[in-house]
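S.K.: Pasting the feature list from Swiss-Prot:
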MOTIF     10-20  motif ''HIGH' region'
BINDING   Cys141, Cys144, Cys153, Cys156  Zn(2+) binding site
MOTIF     329-333  motif ''KMSKS' region'
BINDING   Thr332  ATP binding site
Amino acid sequence: MSIFIGGAWPYANGSLHLGHIASLLPGDILARYYRAKGENVLYVSGSDCNGTPIAIRAKQEGVTAKEIANKYHEEFERCFRNLGFTYDCYTRTDSEHHHETVQNVFLRLLEEGHIYKKTVEQAYCETCTQFLPDRYVEGVCPHCHEEARGDQCDACSAILDPLDLLEKKCKLCGSTPSIQETEHFYFALHTFQEQIKTAVEIAKQTGTWRDNAIQLTERYVKEGLLDRAVSRDLPIGVPIPVEGYEDKKIYVWIEAVTGYYSASKHWAEETGKDDREFWDGEAKTYYVHGKDNIPFHSVIWPAVLLGIGEGTIPRHIVSNEYLTVEKRKLSTSKNWAVWVPDILERYDPDSIRYFLIVNAPENRDTDFSWREFIYSHNSELLGAYGNFVNRTLKFIEKYYGGIMPKGSIDVELKDKIERLYKHVGEAIEQTKFKVALESIFDAVRFANKYFDERQPWKEREDDPVSCEETIYNCVYLIANFANLLEPFLPFSSERIRNTLSIVNRNWEPQHTLPSRIDSVQPLFERIDVKQIECELEKLYGAVK
């Protein structure tokens, strides 16, 4: 089976925060799992280097947009690598390859009659002497009356036109823009109304889209899909490949989602492999992002794919809700966020991954709390998982000189592990990552209970053979926990694999155990709870 996984493209205008990672982490879990299953996986993403936010940041700092994009793209790559993300291709939207692919898609849509020209009114700033792209216009949402950008309201998820906003202001200078006529290209989105309606009905029946994606898309379909501009007067981006319109750029909402397609083509060129199997209609596809990106993946991208004749529209939409910080809405402008480069300097990446999975905003907003983060590490990763691994392997090191005791796998334990693989695998495929991880940790707690009840420290003297059986089965459990947890906690799983000399990485019960155990090190270190106050002081002290 061919598995295509697309992770949303973060804007390269500032550092990643935990909200980004909470929404993107499911993609890596899926990729690792399906590779272990032996499936053909293509997992792609990249940095959005063409968006208006980059141009705004560059103007604020007095540097070029390219400098801003380079800085944060490199930082993103480093952060994703340090968090264990296993992208097959992580690229950027200002690459020559991406520009060519997007222009080809634009021309195909134009040739098929899905794009047309239209004279429209657009916000124009007399002070800045330029037409204002949607994100350059800010004001009040006409639907919910909250603060909003010209392209979308984060409060109610409404897709907006800048002219819809109340109390419009230029983001660059704060003046009120005038309205002037200009010519733009439009995408005939309304012609895909019935196909999008069918897609969301199928997703509702099969449960392959998150509830928020189903509800929001049903709302758009009920209201009627409206044609959308596909060109804008932007300072950076992909030029319109039509004579006389080269100064205009392809609008980011259609350009950025086409990044999945361009990254796939780039991967094929770089590896010499064929990517057509990921777009032939038979592939299982997963699109992973936050709920603010739902319309681009449930409406826009399917329509583009239908328009260019590609058979695979999003089968699974994994759209997480929002992550708050200490019960407050995350705000990058106010510096109310936990920044990824910062937290990675001081904490184990598996601790970050664990917390963001068990507290994932899969169906509702969830909160990141420093207290909960540190206590979950100490109680679950160290106290449950690390404790079971350490007490077992240290026992072998101390009483058997590192030589693996002889034994046979307990039938009940074997059956329990086989059922666990099946249950966890099904949960991952259904994008129920929290359920999957909690199931494994239920088994970890069972393993600790098994160790306590068997009392190998007493068995060693009273019944040495039984003691060997106990420890042998504990190592069997550890080997399988490492394998089951690899999609979630890859770093600690790798440490266990090295200690146990495990070579097999397939998604199946591990029955081959080592002959000896070497160099037993603690799987996790305790975090001093005094760090809670230190982190809170740092967080509150940085608020703007």
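Every residue number used here counts from 1 along the chain in the order it is shown.
Placed from the backbone N, Cα and C atoms, the Cβ positions cover glycine too.
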S.K.: By Cβ distance under 8 Å, which residues at least 6 away from the ends of the motif ''HIGH' region' (10-20) in the same chain are close to it?
M.R.: 47-49, 51, 53-54, 56-57, 68-69, 71-73, 75-76, 79, 92, 290, 322-323, 325, 330, 332, 337-341, 343, 352, 356, 368
S.K.: On average, what pLDDT score does this prediction assign to the motif ''KMSKS' region' (329-333)?
M.R.: 91
S.K.: Among all the protein chains here, how many other CB atoms are within 10 A of the CB of Cys144 (Zn(2+) binding site)?
M.R.: 13
S.K.: Please identify, from the binding-site residues Cys153, Cys156, the residue with the sparsest Cβ neighbourhood, meaning fewest other Cβ atoms within 10 angstroms.
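M.R.: Among the binding-site residues Cys153, Cys156, the lowest count of other Cβ atoms within 10 Å belongs to Cys156.
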S.K.: Near Cys141 (Zn(2+) binding site), how many other Cβ atoms are within 10 Å of its Cβ?
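M.R.: So the number of other Cβ atoms within 10 Å of Cys141 (Zn(2+) binding site) is 20.
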S.K.: For Thr332 (ATP binding site) and Cys141 (Zn(2+) binding site), determine the Cα separation and express it in whole Å.
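M.R.: Cα-Cα, rounded: 20 Å.
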S.K.: Using the recorded Zn(2+) site (Cys141, Cys144, Cys153, Cys156) as reference, state which further residues of the same chain have their Cβ within 8 Å of the centre of those residues' Cβ atoms, listed in sequence order.
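M.R.: Output for this site, in sequence order: Pro142, His143, His145, Glu146, Ala148, Asp154, Ala155, Ser157, Ala158.
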S.K.: Just give the helix, strand and coil counts over the motif ''HIGH' region' (10-20), going by DSSP.
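M.R.: Per-class counts: 3 helix, 2 strand, 6 coil.
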S.K.: What's the number of neighbouring CB atoms sitting within 10 A of the CB on Thr332 (ATP binding site)?
M.R.: 15
S.K.: Helix, strand, coil: count each for the residues of the motif ''KMSKS' region' (329-333), based on DSSP.
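M.R.: So the motif ''KMSKS' region' (329-333) is made up of 0 helix, 1 strand, 4 coil.
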